[in-house]
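Heads up: the structure comes next, in structure tokens.
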Ligand SMILES: Cc1cc2nc3c(=O)[nH]c(=O)nc-3n(C[C@H](O)[C@H](O)[C@H](O)COP(=O)(O)O)c2cc1C
């Protein structure tokens, strides 16, 4: 039995994505800030949420236009991610300072960050005040994905994107080794990840009354095998990513 401690800090749901949110006000001023309180909230229509403190400049811009873009940063952008999360847009031109390449949005009037391999354009549907933060629930109206992340079947290989996560005050690289695939625990045949296609995690695997107890023992190892094969081809990509200094100083109060 594990001895447990009653942890009475903040919400300790970890790890979480960490993203760069771009916005543009009616006068055409652009801003960027870091958000970790974000998540997918609906499949159809595709919707996500961000939680924003009302004192942020980004709050003002997003509320004004009801539009924002979620940009997924890579590990070599970690320092920029942190900077955009500790410097207010009212005092600093973060886009200029971070030398971000801004590309005009195609479905909304908000630019996206070209250096980010994935950018998601959103229109706000509702704002719910919660306390310290207001919850912005938004519909995804379009996205921009680096072509080299997509296979011939249209699957996005996020594992090759060198993304980062945020965990209890620190930034981490995303592991590129898949541990399993949606539904693999009950699948009759081993699920190879090579050339797999999963448009929607909820519907990607058909489950045919299989029970884990009836599975052959080698299923997990087969999965691992194909996973390892794939990862060896990723080694080059991984080594290309720059090593960035990540401050060990914990600062949860920024959120
Ligand atoms: C890792 C990290 C995560 C953050 N997550 C959030 C968040 O989810 N919501 C929020 O309102 N602020 C968050 N912040 C703080 C803002 O990014 C920060 O206050 C920023 O300077 C606001 O910029 P702005 O005033 O230009 O909009 C986060 C900061 C960091 C470093």
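Positions of Cβ are set from backbone N, Cα and C atoms, glycine also.
Where the annotation comes from TrEMBL, it is an automatic prediction and has not been curated.
Annotated by TrEMBL as region 'Disordered', the relevant range among 138-196, 197-255 is 197-255.
Mean model confidence for the domain 'Flavin reductase like' (11-158) is a pLDDT of 98.
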